[in-house]
Amino acid sequence: MRICGGKRLMFQVSVPPISIFATIICLTLPFLPPILSLQSAVNVWPKPRLVSWPKPLARSLSTNFTINSPYHQNLQPAISRYLRLFRTEHHHPLITPSVNVSTSSPHLQTLSIDISDPAAPLQHGVNETYSLSISEEGETANLTAETAWGAMRGLETFSQLVCGNPSVVPVGLYIWDAPLFAHRGVMLDTSRNYYGVEDILRTIEAMSANKLNVFHWHVTDSHSFPLMVPSEPELAAKGAYGPDMIYSPSDVAKIVQFGLEHGVRVLPEIDSPGHTGSWAEAYPEIVACANMFWLPAGSDWGDRLASEPGTGHLNPLNPKTYQVLKNVIRDVSILFPETFYHGGADEIVPGCWKADPTIQSFIANGGTLSQLLETFVNSTLPYILSLNRTVVYWEDVLLDGIVKVDSSFLPKEHTILQTWNSGTSNTKMIVEAGYRAIVSSSDFYYLDCGHGDFLGNDSQYDQQAGGESLNGGSWCGPFKTWQTIYDYDITYGLSEDEAKLVLGGEVALWSEQADPTVLDARIWPRTSAMAETLWSGNRDEYGKKRSAEATDRLNEWRYRMVSRGVKAEPIQPLWCVRNPGMCNAVESS
């Protein structure tokens, strides 16, 4: 981007998607604090890939504004939802943009949607490209998309352009937009603490507004089994925290359908063979070391039975393990139409398996723990594939230093690995091995970090010490700020071919210290930072990180999310927003 001399304003001009190159020009409008720049006035989050708005013009939206679109089962509810938003939101920006509202042009009456491939299903890699054109004259704006899911992204963009009372919208505007990464998600753990259906729906709605498209539902773990599996009802009946903390098949259907109407896939994770202590309430015979104290007295960390309180691993040597698990997998594949199935396979703790007599005998006869895991994977992965699913595992299954499987057990064409350790280095190891990767680095994307530990009677606190405060007292501290998340480049250090194997990323909210009371603030607006980097990147045309420029826009977007019912935490005092540039680390020239 070439910068005009003096305090002048910049914006991007795009060309149609035939070319991905944009012509960059500068305006000669004077800078008038505290008025927003022209670029900021088109305040869409995540930032679109290409924008053209040569003149700061807007015109009124008709009170009878309508949307014309070909019929699509899941797009129609979205259209109804956005129509209500267009007519009733009346958003007032924190700082009034410098825009001329035309009084001579007719009110904008209609948004016309054209979809090239309305039959395209919501699945990984679906085309989410769209273009939006709002002319200075005429009564119709045009939204063109390859699929219904791209049309939903364009509707969200249009909704963020509408503001004021009466409502106005920028005109003479053209946007072409498409995501950089196909997989953009939020992982929520509903086992350690329970979240009601409405909490999940609100999260999915906010995800859609941020153009995120995968809700990774870590639904079960050692702590509770809240999912009612029709063929194995005892798992939830005995393994959930209570009868009012169970997700019924109708609850799942509601969540999945809500996701479809918001362009968000619901990806289920049934973690196994580790993290399965809750299964022992119904089937104690198939779970090793269940309900034991996680760190035996006087033992070293290597002798632990779990990496945190809540012990239990499925026993790969018990045939009944597979009878129960295959029933669960089959039912989950019916409940969730998603083509990815997340099997977990993380944090196999040697001490837990070694505590089981049958496994002790197996080891005594020359067997290894890695062979146990290979037996488990070889007994379950083919069955998952037979249900036309692609398997997602946590990286541990291949990269763990003690218990892991040989890559021959993990077919690259059917297996995706989700990375969470060691930042960019483990991502590099996964793609070097030829696997597709989903990035959830705990160094950047773990939203629970920095809130302390949850263990009781911890002797390290018997004496006053300030060191723990430096990292928030948790294993993955400190707290991951939105700037930390925004700064992360998930393909850093990869070759061009290796980067193609990175499907995208997910933030993760583990729930040891989170529940519905803090859900929104834990996730938003920090997840908005990831949403923009995975949609349009975190760098300007010169390759420079644009986090400074993003601050004002994220302030505005957070404020708008709050007005839409999402209790996102603030990132700055309101004074900073009202006094542009005064809260910067370096004074702008």
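Cβ coordinates are placed from backbone N, Cα and C, and glycine is handled just like the others.
Just so you know, TrEMBL annotations never went through curation; they're auto-generated.
Sequence-distant neighbours of E347 (active site, proton donor) (same chain, 6+ apart, CB under 8 A from its CB) are G274, H275, S307, W394, D396. If you look up TrEMBL, you'll see E347 marked as active site, proton donor.
According to TrEMBL, the feature domain 'Beta-hexosaminidase eukaryotic type N-terminal' maps to 44-161. Residue counts for the domain 'Beta-hexosaminidase eukaryotic type N-terminal' (44-161) under DSSP (helix as H, G, I; strand as E, B; rest coil) come to 28 helix, 37 strand, 53 coil.
TrEMBL lists 181-537 with the feature domain 'Glycoside hydrolase family 20 catalytic'.
Summarising the annotation, TrEMBL assigns transmembrane segment to 9-32.
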Self-check item: Averaged pLDDT, computed only over the residues in the domain 'Glycoside hydrolase family 20 catalytic' (181-537)
Solution: 96
